[in-house]
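Chemist: Below is one structure. I have some questions about it.
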Amino acid sequence: TQYSFKEVFGTLVVQKELFDVVAKPLVEDLIRGKNGLLFTYGVTGSGKTHTMTGSPGDGGLLPRCLAMIFNSIGPFQAKRFVFKLDDKNGVEVQSEVEALLERQRREALPTPKTPAGKRQLDPEFADMMDVQEQCRAEEVDEDNVYGVFVSYIEIYNNYIYDLLEEAPCDSIKPKWNSCNTPVRNGDFVPPQSKILREDQNHNMYVTGCTQVEVKSTEEAFEVFWRAGQKKRRIANTQLNRESSRSHSVFIIKLAQAPLDADGDNVLQEKEQITLSQLSLVDLAGSERTNRTKAEGNRLREAGNINQSLMTLRTCIEILRENQLYGTNKMVPYRDSKLTHLFKNYFDGEGKVRMIVCVNPKAEDYEESLQVMRFAEMTQEVEVARPMDRPLCGLTPGRRLRNQAFREELSRKLELRGGPVGAGPEEQSAAEQFFQSLPPLPSCELLDIDDDQTLPKLIEALEQRHKMRQNLVEELAKNVLAFKTMLQEFDSSVASKENYIQGKLAEKEKTITGQRTELERLEKKVKTLEYKIDILEKTATIYEEEKRNLQQELESKSQKLQRQASDKKRLEARLQGMVAETSLKWEKECERRVAAKQLEMQNKLWVKDEKLKQLKAIVTEPRAERPERPERPSREREREKPLPRSVSPSPAP
């Protein structure tokens, strides 16, 4: 049996090659503001969890996705609590002051959590984070700020549980005392299952799910490993020592918003925020209970796992049928929490990728065939559609210009040792004017009879007064000339405004006409598309009827050919029978004619003898009668050749 897929990886493939082909395009789309969904699918024990998380020294898809995200947006991240997720799957932007108050309030809590970047990593998963290749996205908008939020849930027995909740998840089973009776624990509150809801954009989300803002790859993976992976339900079965008993979903949300025109702060407009998410799903493996020897809870878990995977398969099959044949069957998303959670992905809100894990064991042959048959069928389902990002209308490159301006300002401050523009070479216009006036002589009177100092001072003051009057007159002339120039400029501006307004009115009329024409053409296009759809459906119906008629014609022509050949065979058979019968009757007629002739000759001879005897009796006396001649035997007559009369031709 042969199956075809987009890509096939061998048993010796490294995690980086798998990541580059499958997950890297999804991370690039996430940074561009698009959603993505990645499944690992296969029978139990085929390596799905290993593909997702990796092994020490070779991280899987999840740590590599986190590393690529933070390598791409690292220098452009917003401070903590600038982005704030609400309870309705939305996001808000807070100012710097509000974010600072939020941080101070969180730090004042009784049990603050130390960020992962300030302490040494746990050696249990530190090797998985050692990704040597610095993978980055090529197209990152540097005029945006980014915030990353992670959440981790599991779907167990068709119920959704939050793995990042503080309530203990392993204490569901009651404790037993020495009398084999359960002990009452009033302090224990079992974890509550979460509810799925639909937001205003018709996207499904988990109500009340814990969403943690992370600032580094290490912090995000620590949340995944220490808080979530330790609580995930696994069990020992006959086929897998650590078999996943639930579907785990690790959700990475990326919020991004543009900077303002100055490139300093985040733009405080909710319409400009883009929230995209990447869901990494580690599906529980399908299994047969007669092989796993499951009993009790394990049997119930296996039944729910197989039921949810069967619902996923049914949804994919109906989507494929709707797309191939143009039908509009209802897709049963609500039959399982797994398909209901990702309903918007199958409706076209992002790309969906599936990694099929196959175990080469001979015992898994039948299950592997079913898995590959389903996975091959899913390739025929197209669900992706483009998403429009909001346009902010601001000039690109604001962040870099702001940084360059600040660097140049700090450099000038360092060179001058004071505020910019306070140097001796940059003087005001008043200082330049006072320096252009004639210098005042010394006003010191050393003697009572000094008659030179005052006249020199009076002469200098008179010169300054004359210069001042000349400057005032020149200023008045310049002011008048400037006023006339302003009036001329105002008149020219008014005329240009009138001209521009006239042109704008003409352009608006043209644009209005073009808009009406566009609306008319759009309506016409919609009408034509509707007609084309009807014609395509009609053509499909006619083609189906044509195929049916052609098949019927071919069957009837074959039937006629068979009848003709049967007729020919019957004619040949009848001709042979007629020839054989005619030959047989000819021989029979000849035999009968010969017998009849012999019989007639015998009768004639008997009559002749009788006549001779009568003649002899009549003519001769009784005593003189001769002895009766002996009758010739038939043997002699037969030996004697008789003249054969010509037999008449046989009757037709």
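Glycine residues also receive a Cβ, built from the backbone N, Cα and C atoms like all the rest.
The following feature annotations were taken from TrEMBL:
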- G42, V43, T44, G45, S46, G47, K48, T49: ATP binding site (BINDING)
- 504-580: coiled coil (COILED)
- 621-642: compositional bias 'Basic and acidic residues' (COMPBIAS)
- 616-652: region 'Disordered' (REGION)
Chemist: Say we define neighbours as other CB atoms within 10 Å of the CB. Which of the binding-site residues G42, G45, G47 has the fewest?
Modeler: G47
Chemist: If you count Cβ atoms within 10 Å of the Cβ of K48 (ATP binding site), leaving out that atom itself, what do you get?
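Modeler: Its Cβ shell of radius 10 Å holds 23 other Cβ atoms.
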Chemist: Let me check the 10 A CB neighbour count of T44 (ATP binding site). How many other CB atoms are there?
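Modeler: 23, counting other Cβ atoms within 10 Å of T44 (ATP binding site).
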Chemist: Quick one: give me the count of other CB atoms within 10 A of the CB of V43 (ATP binding site).
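Modeler: By my count, 24.
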Chemist: Can you name the residues of this chain that are 6 or more positions from S46 (ATP binding site) yet have a C-beta less than 8 Å from its C-beta?
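Modeler: Non-local contacts for S46 (ATP binding site): G285, C357, V358, N359, D364.
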